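What Swiss-Prot says about this protein:
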| type | residues | note |
| --- | --- | --- |
| SIGNAL | 1-22 | signal peptide |
| DOMAIN | 26-66 | domain 'Chitin-binding type-1 1' |
| DISULFID | 29-42 | disulfide bond |
| DISULFID | 36-48 | disulfide bond |
| DISULFID | 41-55 | disulfide bond |
| DOMAIN | 69-107 | domain 'Chitin-binding type-1 2' |
| DISULFID | 72-83 | disulfide bond |
| DISULFID | 77-89 | disulfide bond |
| DISULFID | 82-96 | disulfide bond |
| DISULFID | 101-105 | disulfide bond |
């Protein structure tokens with residue numbers, strides 16, 4: 001375990017050599033502390049965790065401080081965007097999807113554009129897979145019948161001569 005003095009020295013050293021430590025050992029998050037571990041959200045009070053106390057807060061947009069273009073602040077994004085596990089704001093499965101979101105996640109907002117987009121993309125992928133399976137099955141049936149037709153001996157009808 002690191003004591004505070006060791007931790008401070010480690011942070012100073014990391015800053016001097018240009019290394020950043022991804023996670024705060026005390027579970028804090030936000031601009032000063034960094035991001036939460038995968039699967040966790042940054043609460044409105046700047047602590048990492050999971051569940052509605054951490055992930056379902058509604059920080060007013062005025063409290064979300066501007067950051068570098070497209071980056072999250074305390075696990076939150078303005079404009080209704082999701083904060084990805086990598087600390088960037090956006091919409092769609094890469095930002096809002098299960099296991100991809102660290103904050104401003106939208107599991108309980110089924111009509112949010114990002115959720116609609118994620119469902120639409122999933123439905124399109126499922127429809128494409130179904131169409132492929134049906135086409136593949138039809139091709140297999142056609143090949144089977146062609147093989148059966150070619151394998152059967154051709155019998156010519158008997159020709160009868162008139163007396």
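Quick reminder: no glycine exception, Cβ is built from N, Cα and C everywhere.
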Packing count at residue 83 (disulfide bond) (other Cβ atoms within 10 Å of its Cβ): 28
Candidates 42, 48, 72, 82, 105, namely the disulfide-bonded residues, that fall within 10 Å of residue 55 (disulfide bond) by Cα distance: 42, 48, 105
For residue 48 (disulfide bond), the three-state class that DSSP assigns: strand
From 36, 41, 48, 82: disulfide-bonded residues whose CA lies within 10 A of residue 29 (disulfide bond): 36, 41, 48
Between residue 42 (disulfide bond) and residue 48 (disulfide bond): CA-CA distance (Å): 5
From 42, 89, 96, 105, the disulfide-bonded residues whose CA lies within 10 Å of that of residue 36 (disulfide bond): 42
Other CB atoms, at most 10 A from the CB of residue 101 (disulfide bond): 24
Site of maximum Cβ density within 10 Å, from disulfide-bonded residues 36, 41, 77, 89: 36
Cα distance (Å, whole number) from residue 41 (disulfide bond) to residue 77 (disulfide bond): 12
10 Å Cα neighbourhood of residue 96 (disulfide bond): matching disulfide-bonded residues from 41, 42, 72, 83, 105: 83, 105
Residue 41 (disulfide bond) to residue 101 (disulfide bond) - Cα separation in whole Å: 8
